[in-house]
Each structure stands twice: as structure tokens, then as C-alpha cells.
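As given in TrEMBL:
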type	residues	note
ACT_SITE	B:S159	active site, nucleophile
ACT_SITE	B:D332	active site
ACT_SITE	B:H365	active site
BINDING	B:R229, B:D366	substrate binding site
COMPBIAS	B:64-77	compositional bias 'Low complexity'
DOMAIN	B:41-372	domain 'AB hydrolase-1'
REGION	B:56-77	region 'Disordered'
Number of protein chains: 2
Amino acid sequence: MPVDTDAAVADLGEFRFECGESIENLEVAYEAYGEFTGDNAILICHALTGSQNVASHRTQWDRQSGGSSGPPNSAGQARAWWSDIVGSGKAIDTTEYYVVCANVPGSCYGTSGPANEAPDGEPYGTRFPPVSIGDWTRAQRRLLDHLGVGRLHAVVGGSVGGMNALDWAVRYPDDVQCVVAVAAAARLDPQCLALDGIARRAITTDPNWHGGDYYDAETGPTDGLALARQIGHVMYLSKSSMDQKFGRRAAGRDMVRDTFPSDPAADFFPYRDIESYLDYQAEKFVDRFDANSYLYLTRAMDDYDLSEGYESDAAALAAFEGEALLMSFTGDWHFTTEQSETVAEAFRADDVPVAHHVVESDHGHDAFLVEPENVGPPLRDFLHNGVRGQAVTDTVAADGGDDPEFAPVHTSLFSG
Amino acid sequence: MPVDTDAAVADLGEFRFECGESIENLEVAYEAYGEFTGDNAILICHALTGSQNVASHRTQWDRQSGGSSGPPNSAGQARAWWSDIVGSGKAIDTTEYYVVCANVPGSCYGTSGPANEAPDGEPYGTRFPPVSIGDWTRAQRRLLDHLGVGRLHAVVGGSVGGMNALDWAVRYPDDVQCVVAVAAAARLDPQCLALDGIARRAITTDPNWHGGDYYDAETGPTDGLALARQIGHVMYLSKSSMDQKFGRRAAGRDMVRDTFPSDPAADFFPYRDIESYLDYQAEKFVDRFDANSYLYLTRAMDDYDLSEGYESDAAALAAFEGEALLMSFTGDWHFTTEQSETVAEAFRADDVPVAHHVVESDHGHDAFLVEPENVGPPLRDFLHNGVRGQAVTDTVAADGGDDPEFAPVHTSLFSG
């Protein structure tokens, strides 16, 4: 049975962003699951286009709307995005923990962002202050103060949410016992920076973007946002998963490329399953996400660097005295196993108890969402017993040897 | 000293494309280097956006224009794109071989394509017949007839030009002694199909594309074509090469993002070297390439399947009685070493003498263009002595064992 939950928007007052600009009132939309007992709070950090609706449950919105779904505008991946991991009896058990998930500043699921109204009554658009992952962390800290939560048992995040979790260990090292970063990294590599830059260019060169001032227009930059999402989508899958899922098959006759312009010559060639899938996903995405938010959040992700302001990743994490779990997936080329190993090494250099749990997987980056059977057990055990948790493995052999157990990724096609 | 060369456009008369449509007169722009002695002809097949200008030399255009460069509109990668490999004393020695390279139908360097004038005096645009790699091969055969060349000593191609070379072995097996496919494949994988589809969508959703009818307009779909090129460019590099070349560095202060719209929030974040590089390359590209041609040629590449019309790759190649060289690069994720090995296995199944020469490389797909020191020696020796050429290696051990020598790419990040 779905658990009852607080879903609300907190008014946190004036907020000064890391860029130096301020807004008068930062609103943060969040959901909270379970009962707070003083030392059982877990903060979950969502991924790029995710929302606070981490699990499936009856929310305030359901009650208010008589049972219809979730927070306004949420749909698809943004809705109940980790319901296999978070819930009653799940790895992050809401009957045991008090679980909080907040929409990040700059996003579009209820927390202040470009689509919100500025004091002048017009949408902020690109007048909204630039946002960093540090701002996300600081906003979350403010929200937890508002909720009466001091020290957290754990911060858990996947993808850029994992970067957010690592930022907690740097920024508020005394406030967290356990840090879990799933399919994350200390910083994006240039290949991903390139693809994110191309995705943003797709949005800003869409004539309907209008410098970000499209909220009252008939059409927003949906073509550009669709392209941006499709580029992202390819980053979330692997060659292997695309082979298995789509191959080179043509889509069925009932599938037509009718959502955007094409040309007569195209009809000679098959409309392939993979194209049809990406087109369909992009159509769904543009209905649920704001183009300016996509610019803001990808910039925050691209800009994140664990070691910023420090001499090294290890120096950044030096004040952290809890335990850390890194989890990575061998088929993930967006956030690679090598990158998680780099973070593990930084924790090890600080003598922080850390485990880097590597999952053999074909699913690419999406694995952290679609393989709860592999993510759940080590996560559950880590939250109970730290790095000694039974299902938790590490890349460093227990005998003290330091050869990583995972396949040598330097032989990969990608790193050459 | 540059060698004198024929650079011309051949009128080949009516041409019926594989799709069934015809044009009244197929014009094929080509260059020919060296002297034909009857059995020394080598056909070179260019890559997606390449041209017939494979090597550096004095062309007819130079002579006519008093020394200015190359064929009309050629620049950047399209100009003298393999001059380290082809020329006097080079691996493909123009003092020894008669070398022909022709611009493919559908392209925009002088061979008939969408930008050309139709019989009604207007540009074809998307009324130009859909083009396949089979059409490229058939047009090349017609051109060679026109030049008086019967059987070829070799067909050599890189990237999609390698697919073109393989198509020669299927379509005209008696006409070729040696087939060389560098960084090629029997077919694209779904990941590359996806990225090509997104690139085409970037062009067709650009309002300035106008259904392909933009030749008389003030502005063509330059934004969309720039995005398409940038997506392609990422496919040509590797994570490792991008790390080494750009890292996460910010571009210098004199570099500004002024070529396309941006927003105030962007200014808070660095304009990175990798973005600056891709933007610069895209600007150059849109000056030299036609957007409709990009649609046509990527579709031809995506559609190519070595085994089409046959039960298997080996069955398609069964009539070929020459020798074959496959060359691949470990850092190439666009056309992988695994994919070249698949082609090698097909040749082996037909008892065709074949060598799969794997180059350890960080350069990604671009390696076939930027590593002449690795491409040249095996190519030179293969052209002289076939698979017994001294610098030619194979993935199958000489003792008859059949374990490929290259690192097991199934452990790659990409394939999971």
C-alpha cells in the first residue's frame, strides 16, 4: 500500500546563489516519506531531469486532486523515478528512514527556476541567477533546517545527484554519516561536456527560444529541447543495450515520422526502431520539462568539480569522517567505472571507509534506474552496516591488495 | 613537388539509381593522379564529407585560377584529405599507381547532388533521387569505364569509404584484386544510427531548411547543419583524445561564443576549449558543405548493409577472389575493431586471403586520417605483396590459432 507523504513547497526566504546574485524567496518543492526519529533522515538527490517524486505513494496532490498523479507537470522519468529502491520494505525503507527528496533550484517541478515568476510579475527566464550544484546542496541544507533535520544518516544520489551527494561530504562534512554516489563522478569528462554543449546549442539556436523569453509564446523551443533530450538519451544507453533493444530494425508500419519535418527522399529508407523510440521519448520529454531549466541544470553539472577550491579531490573530502559507497556500472560511458574509482581513491587517501561496488551491466548509465535488483542490496546493507555491509563489494581486494577487481577499462574502445 | 593531375567533371549520361528513379545526366567530379599503365589503377573512396581531392597537388583548378586552391567549395577536411598517404613516394605512390578518386553522387563537390540544377532549371533539393552506397559504386564503375580502366589493382576507402570499398567486392568481384577498408564496418550499429538520426533531425527542424528548398534563400539551415556536424565530430574523437586535447580547460579570453545565441546565465560559466573547438569547426563546415547532401549521404551510410540481398556477410563476399585488408583502431567507437573483425571473419569463411591489421590508438575514428605513420606502412606493403606484406599484421595468429590478438573489446565501457 502506498505510504502517506508530505509533499509541499517550502518558502525559504532570501537566497544568495554562489554566483553572487540573490532572489527574494527561494521556494523548494520537496517530498518527505516516513517518520523522523532524530537520527534516521536520508536525503535523496535526483538526477538531471528528475523530480522530488522519488517514490510511488499517495501525495498531498493525490489527496487534493482526488487521486490523480504526482506533483504538477511531473510525468515519465520524473515521476516515482526510484520507486523500486525507495518505499516500504525497499532498500531505502520508508518505514525505517525519514526520506526527503527536494527538487533542485533551477529545475521546473515546483522549486524556483527560470520558469518562475520574478518580483516584476514576469517569468524570470534567463534573468534567473546561474545555478551550481553547490547551490543545490545549500538549498537542501536550508530545507532540512526548515524541517528540523540536523545531521543526516545518509545522502544518496545517482548521476548528477551523486555529484550533489559528494558535494555534501565537502560542504557539510559534519552533517552526514553516509554518502552514496551511484553512477557519478568527480567531474564530467570532455566528451560529455561536448555533448552537453551541443545539446544547449540545439536549444538556444531554436528560433522559438527567443533568448529564453518564450513562456507567453504560442510555441517554446520544443524542437531544440527534443534534440537536446535525444543527445542525452544516447548518453544514457550503451552500444550493447541499443543492440539488444533495437538493433537495426525498422519500426512497424503504424509508426510514422510525423512529429517533425522530413523530406521525400527519407521515405525510401526505413524509419528505424531506434529513431522511433528516441522521437517518442523526446515528444514526452518536451511536455514535462522546461528548456531554460535544461540549460541551467546541464551547466551546473558541467561546471561541477569535486576538487574546486582544493588542491585535489582528496583534499576536498579531507574533513569528511563518515563512510562512503560508490557504485558504478561497467556499461556506463557517461559516468564510467574509472571515474568512480577515482573518487574511491580520494576517499581512501583520506582513510575514509569507502567501498566501490562495481556492477557488471549492459544497461549503460540507465542501469542505476533500471537495475534495482543490483542497486538495492548493496545500498540497503551499506545504510545499515557501512562498508562492512554483506552485499557491499569493493574494487580493492579484502586481503589488502590494491588491484581493482573490475575489468581493465583502459582497454575499452572508448579510452583507446 | 606537387604532381600534375587530371581534375575534371565527367558527363556519364542517364543514371538510374537503386531506388528506381533516374536523372538525365550524372556528372561525376573526379581527380586522377599518375599514369595508367593498364594494371596499376587504384580507386580511392572518400569518407562522408570528403571530396575527390584526396592529395595535395596542382590541379586543373589551380592552373585555371592561377594557383588558388582545389575544386570549388572545397576546404578543410575535404581538401587534400589523405595527402600523407597518397602522393609521390607515399604509401599509395602516384609515381607507381594510377590513382582515381571521385566525389560520390549526392555530395556537393561537383558530382550531381541535391544542390545541382534539375532539368527545370531549379536546384533539385530533395527532389534529387535517394542515394545508396550501391549507387556510389555503380557511378564509380561508370566513371572508370569512361576513363578506360577495366580491372582495378585496388579499391581503398576509409570510414563510409571503406563500406564503399567493400561494396566493390560484392558488386564487381571480378574487377578488383585488392580491397582495403580502413576504420569501416559491414553496417553501422544502432548507437551510430541514433546519432545520425538526431543529426538529420537537427537539419530538418531548422526553419531555414524549408523542406530542402533553401538554395535561393538568404540563409540556409546553417544552425541545424552546425549541430549535425558537431554530433558527428564527437563520434570521430575518443574520450582519451578529447581528454588529451582539451581536458576541461576554459578557452582563452579572446575566444567568445558569438556565433550563435546564448543567454546571460551562460557568462557565469567558462566557455570551454572543447566547445570553442567544436563551434569553430562547425562554422568552417557549414561554409563548405550542403545540408541536403548531409541528409542524403548519412542516409546512404545508415542504410548500408554488407549482407543485404544475401544470407550472410560471407555469402555476399563469396564471389570475390582477390585479397582483403581490414584496418581498425582500438580507440574508434564509431567503427569499432570488433566490427572490422566481423568483416575479416566473413572473408575468412570464404577462404579469401585477408588480414585484419589493428592499430593501438587513442585518436578515435579520426585515426585513419591523422595517423599516416600507422596507416601507411601496412597499406603500402599490402598493395605490393597482399596479406604477406611485411608490415601487415592479422588478428589471427600465424600458427593457425584463431584467437584475435586485440584486447577483448567486450570488456569495453561501451559494449558493457
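Using N, Cα and C of the backbone, Cβ positions are placed for all residues, glycine too.
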Counting Cβ atoms within 10 Å of each candidate's own Cβ, which of the recorded positions B:D332, B:D366 comes out highest?
B:D332
Distance from B:D332 (active site) back to the residue listed as 'active site, nucleophile', taken between C-alpha atoms, in Å
11
Would you identify the secondary structure of B:R229 (substrate binding site) according to DSSP, in three states?
helix
One finds that other Cβ atoms within 10 Å of the Cβ of B:R229 (substrate binding site) number exactly 23
A Cβ under 8 Å from chain A is found, among the recorded positions B:S159, B:R229, B:D332, B:H365, B:D366, for B:D332
In sequence order, which same-chain residues at least six apart have a C-beta under 8 angstroms from B:H365 (active site)?
B:S159, B:A183, B:M235, B:Y236, B:L237, B:S238, B:F329, B:D332, B:W333, B:H334, B:F335
Does DSSP give B:D366 (substrate binding site) helix, strand or coil?
helix
Cβ contacts within 10 Å for the residue listed as 'active site, nucleophile', all chains included, total 27
